[in-house]
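A.B. asks: I have a structure I would like to understand better, so I am pasting it below and will then ask my questions one at a time.
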């Protein structure tokens, strides 16, 4: 008699597990549908994030070399290049009238 009881329990186990999973799934769906505005807002924000990242990737593909070229100067000064020749000659309006001209060593 014990064998028939355990055999029936084993046969009923998959149906019980599937019934519990079905109840859990239906409860989850009810909660999901009840939070409709939150779900919609989440989907919109997720879509905005994905589209923004794709736009950045696409723009970098088109303009990446141009942007890199703006910040990279070939020369002896390293990654950003050397100092241009005319950069140390400031116009007189940028210096105070009584201030002496400073050199790089000061």
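Here, residue 1 is simply the first one shown, and the rest follow in order.
Placed from the backbone N, Cα and C atoms, the Cβ positions cover glycine too.
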A.B. asks: With Swiss-Prot as the source, identify the stretch among 44-64, 65-85 annotated transmembrane segment.
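C.D. replies: Checking Swiss-Prot against the ranges 44-64, 65-85, the transmembrane segment one is 44-64.
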A.B. asks: DSSP says what for the topological domain 'Cytoplasmic' (30-43): how many helix, strand, coil residues?
C.D. replies: 13 helix, 0 strand, 1 coil
